[in-house]
């Protein structure tokens, strides 16, 4: 039974490493020699995946689920990153030793592949294709950060909520033709925290959008009409 368990674990790890290889557009054979340095872990909703800088030695590949990464700067400001499956994180400090104060929490049940940050940095130095892919991913990460900040500059609360909804749809939403679906984790309280407004105000705005048939709650999921994007999204 032990042998079967180890075989199953190794097969799972190999499968996820192949998924990572596809994501960064390299042959699996490049990652295969380092399989013993990697791991696959499962996290339940609300569980902390890591808190940097105490746990900043790994890079993670989100295989399944949704996460929130809360980045704290020296002034105490909080920047939130939302991610769904098929994303590599955190990579902003991959090429320099700067410590990042970042709390990563599972918004839903999650599965992640972990590998040493030093290994990924080594692979980038040894392979130009990996470096170019990671550089593009870092730029995408910074663009997401910029879009989130731009949404927060909206003067009116309703515009801020709409732009934040659009931002979430573009980063963690699932394209369903006429609308985007945001799964499970989104709440009025989270929207009010993101927008910096009261829960009551956020709830009133969401209620208006529901009346306009632009937002629909389907059990725990949110369905957001693409018509909401017209002339407001960053």
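Backbone N, Cα and C atoms are what each Cβ position is placed from, and that goes for glycine too.
Counting Cβ atoms from all protein chains shown, residue 124 (nucleoside 3',5'-cyclic phosphate binding site) has 20 others lying within 10 Å of its own Cβ. Residues or ranges marked as nucleoside 3',5'-cyclic phosphate binding site by Swiss-Prot: 40-129.
Sequence annotations record features per position, and here Swiss-Prot assigns domain 'HTH crp-type' to 155-228 based on sequence analysis.
Feature annotation from Swiss-Prot assigns DNA-binding region to 188-207. Broken down by DSSP into helix, strand and coil, the DNA-binding region (188-207) contains 17 helix, 0 strand, 3 coil.
Counting every protein chain shown, the number of other Cβ atoms lying within 10 Å of the Cβ of residue 88 (nucleoside 3',5'-cyclic phosphate binding site) is 22. Across the residues of the DNA-binding region (188-207), the predicted structure has a mean pLDDT of 93.
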